[in-house]
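Got a structure here, written out as structure tokens. Questions coming.
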């Protein structure tokens with residue numbers, strides 16, 4: 001029988017595996033959704049020596065090419081060893097696929113495999129976004145292995161722990177295997193309510209024969225430290241100080257991006273001022289020069305005979321040469337207010353975006369014409385001149401469409417909750433603010449969600465917390481908190497704000513007894529949807545930030561057709577209708593960006609809405 005301390009460590013190991021696998025799987029999907037990504041091309045890009053396999057040195061060289069300097073060969077060896085099935089200290093293409101393909105989305109997986117590949121030369125690079133996302137996948141795998149290895153070493157050092165006793169502790173009904181049910185019971189008994197997603201992630205990571213259960217051999221292989229290599233690296237990392245990144249940064253923009261990504265504390269978020277017009281002009285000039293150089297390179301050269309197909313010329317190698325080789329209101333306590341008061345009443349990136357602009361080997365695609373809906377033919381289109389490229393404009397419209405759909409789903413859950421007869425904002429706020437301070441800290445916010453059976457990760461909870469905080473001091477006031485649950489529908493909103501507290505006046509009531517079961521379930525659904533929405537929005541922000549020519553200033557100017565200097569519901573609606581998207585709820589987009597709640601979106605509010613917290 002394991003001690004409480006060993007059981008807690010085993011739980012920590014399993015939850016760390018779940019969180020890491022979920023984060024890595026999310027990155028695999030993000031990489032796979034890039035339309036120009038093809039696994040064999042990525043394999044060729046990393047295998048510069050054309051040996052037919054990828055070694056730890058090849059992965060390290062790939063990271064170095066993209067300005068990832070903190071990883072060592074020991075880290076990449078650790079990564080390679082986990083996916084090396086035949087134990088030959090290198091990854092063949094089949095093993096490489098297990099590293100880069102998504103696991104729980106068969107449709108996307110098949111789509112990626114069926115994409116046509118192309119030849120990648122010895123000096124060629126993949127598109128910038130693909131190289132960066134692939135590097136992020138490698139870095140997440142390395143960080144994941146490092147984290148769980150430390151827990152494995154600590155768990156193995158416990159005198160009462162061994163693989164057999166750990167397996168029997170989880171297999172409480174002596175099935176001789178671990179599945180979803182007994183794994184969930186073990187985690188619950190040690191204080192962690194696991195979701196089905198977490199359970200699936202644990203089983204998927206440790207399951208070697210894909211039978212959706214863990215035998216003792218698989219469990220033993222998954223929890224034992226990798227020897228002797230891991231002990232050496234673990235010991236060195238525990239004694240050594242964190243080394244600063246001494247690599248030469250290529251531009252001030254990269255330095256700013258790296259500083260932005262390294263968030264040392266949860267609530268010390270770096271707030272950037274509105275982009276200086278001179279900076280925008282400089283970026284526009286750089287983008288124009290880049291587009292002109294690409295256009296010139298795409299012109300046919302009739303002065304020289306064409307090389308044979310599949311043969312690279314010296315000029316082609318020079319075109320893909322690495323840049324490193326070139327020369328170039330409610331701040332007060334709500335409990336003391338009357339009812340009339342309410343009538344006046346949404347993983348780990350340690351590095352910035354690399355400045356290296358790699359050129360794709362594939363030919364530049366011609367711009368596709370905008371497709372119009374039969375309901376709105378070209379003759380009736382509002383005429384405006386977009387400052388974005390057509391591709392970037394489609395990405396912007398797609399992002400706005402996704403935001404609008406998610407806000408509409410969120411509104412439905414808010415209305416359902418507001419219709420519950422015993423629900424009111426003051427009692428709900430009391431379940432989070434247990435000390436009657438009049439505001440909620442981040443830790444109290446997470447603890448309050450646990451009361452409603454919502455158990456987000458720290459990153460997910462922070463996304464939701466940051467979305468609604470207005471004071472920016474790591475707290476949510478009553479007004480901020482109310483915005484999470486209050487619907488945008490005026491009638492439902494006024495009705496909800498006018499309700500008086502009920503449970504707060506019943507001193508014998510425990511916090512777990514607040515509200516009826518149906519109401520508590522509605523609160524759980526709304527919180528879960530809020531977290532899902534903010535996670536999706538974070539993914540959208542990541543995607544837009546990786547577009548090489550996308551600019552918040554140009555996106556703002558594209559929507560601001562009349563040059564008003566602000567955006568409103570009508571301008572959002574016109575842009576969406578120009579792309580065949582019709583909605584009566586475009587005010588939801590305004591409400592998401594509009595921090596001052598004046599019905600207008602300034603450039604700063606718009607750029608902050610697409611900026612990572």
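Even glycines carry a Cβ here, placed using N, Cα and C.
Pulled these features from TrEMBL for this protein:
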DOMAIN    71-106  domain 'EF-hand'
DOMAIN    194-229  domain 'EF-hand'
REGION    291-321  region 'Disordered'
COMPBIAS  303-319  compositional bias 'Basic and acidic residues'
REGION    359-384  region 'Disordered'
DOMAIN    420-455  domain 'EF-hand'
DOMAIN    581-613  domain 'EF-hand'
For the domain 'EF-hand' (194-229), could you work out the same-chain residues 6 or more beyond its ends whose Cβ comes under 8 Å from its Cβ atoms?
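For the domain 'EF-hand' (194-229), the nonlocal Cβ contacts are 10, 13-15, 17-22, 25, 74, 77-78, 81, 103-104, 149, 152-153, 155-156, 163-164, 166-167, 170, 176-180, 183-184, 187-188, 455.
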Sort out the residues at least 6 away from either end of the domain 'EF-hand' (420-455), same chain, that have Cβ-Cβ distances under 8 Å to it, and list them.
192-193, 195, 266-267, 331-335, 342, 461-462, 465, 474-478, 481-482, 485-486, 496-497, 499-504, 511-512, 514-516, 518-520, 522-524, 527-528, 531
Are there residues at least 6 beyond the ends of the domain 'EF-hand' (71-106) whose Cβ is under 8 Å from a Cβ of it, and what are they?
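Distant Cβ neighbours of the domain 'EF-hand' (71-106) are 25, 28-29, 31-32, 39-40, 42-43, 52-57, 59-60, 63, 112-113, 134, 137-139, 141-142, 145-146, 149, 200, 204, 226, 229-230, 233.
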Suppose you look only at the domain 'EF-hand' (420-455); what would the mean pLDDT be?
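Averaged over the domain 'EF-hand' (420-455), the predicted model reaches a pLDDT of 88.
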